[in-house]
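Reading through the structure tokens given below for one structure.
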Amino acid sequence: MTGPLERLARRGLFLLDPETAHGVSIKALKSGVVPSCAAPADTRLEQVIAGLNFPNPLGMAAGYDKNAEVPEALLRLGFGFTEIGTVTPRPQAGNDKPRIFRLVEDEAVINRLGFNNDGHGAALARLQACSRQALIGVNIGANKDSADRIADYVAGIRTFYAVARYFTANISSPNTPGLRDLQARESLAALLSAVLAARDEEAAKTGRRVPVFLKIAPDLTEEGMDDIAAEVLAHNLDGLIVSNTTLARDGLRDQRQAKEAGGLSGRPLFEKSTAVLARMRKRLGPDVPIIGVGGVSSAETAAEKIRAGADLVQLYSCMVYEGPGLPGRIVRGLSQLCDRDKLASIREIRDSRLDYWAGRNV
């Protein structure tokens, strides 16, 4: 449950348009006004995934801290890791405003931001000032007007190699025309070959191998999932993030806002994204790391992502409604789940409801 101060802050922020409120929240984190809410360390929640030591399985998804302004402040809220971006080589303004919409009855958000960000240079300078111990991933994308989108992803690898703990290639935003075409098998093979070749070159030069993840959409056909899984396995990719926002509008209460174009996130995405997660786990087998994202709003929904096949989970939109205390509450709740079920590690529940979720028709 949120506390009275969080509820008051939320009411104040909801008087502002969503994009202004987002900017205010970034400034609040920068200033230190938002107190640390981290849960006590719990070895049962620790995991080594893709060679990285995660203190707990909960991360902040890309999209909130686009320009790497507050990664360490987010970690102090209780997240085990955070992901900045999506960043593109050149700064870009994104799509016209308004471009973020709250669906309050649904505890959802629709956005059509379009990779608005300050560009590689600005984000790099900020990350260079961060502790090297902070577990910060860098989500990379392509400029809207790029003549060579694959080259933009390669530039992201090279630019941020010294400061990224992991990379995410975002090919699944619905708000950059043609971007999701990179999920098609031939295009995906070319992208992964180029990105991983750049990573391997940087690893050879530095002696440090940075894992690369791929973030996919939930709006995939079975054939599309087959193709992505085949390329992930063929390229020995370090992991998958499932999923980005959806274009679907099924079952929403707020039909007025539901008509807005863009990607839907928040509570209504939970079932769809979790089913796709489980289907990808079935295709990839037990060893490829998967980060589950979409509709995580509580310790129980975070745990259910793990039961469906995730190693780690991320959230963003639900914090709009639950406040900055949410990550700490989720991490404490996962510790309580370990107590209740007498778990030596949170990993013990992974895949325990894989068949159920893989069979869901959503």
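Glycine is no exception: its Cβ is also placed from the backbone N, Cα and C atoms.
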What does Swiss-Prot list, out of SER36, SER243, SER345, as binding the same FMN as ALA62, GLY63, TYR64, ASP65, LYS66, THR86, ASN139, ASN170, LYS215, GLY266, GLY295, TYR316, SER317?
SER243
Just how many other Cβ atoms lie inside 10 Å of the Cβ on SER173 (active site, nucleophile)?
25
So among ALA62, LYS66, ASN139, SER173, all listed as recorded positions, which is physically nearest to ARG112 (substrate binding site)? Use the C-alpha atoms.
SER173
Return the member of ASN139, SER173, LYS215 nearest to GLY114 (substrate binding site) in space, with distance defined Cα to Cα and candidates limited to these recorded positions.
SER173
How far apart, in angstrom, are the most distant Cα atoms among the FMN-binding residues ALA62, GLY63, TYR64, ASP65, LYS66, THR86, ASN139, ASN170, LYS215, SER243, GLY266, GLY295, TYR316, SER317?
20
Within 10 Å of SER173 (active site, nucleophile), Cα to Cα, which of the binding-site residues ALA62, LYS66, LYS215, ASN244 are there?
LYS215, ASN244
C-alpha of ALA62 (FMN binding site) to C-alpha of ASN170 (substrate binding site): distance in Å?
9
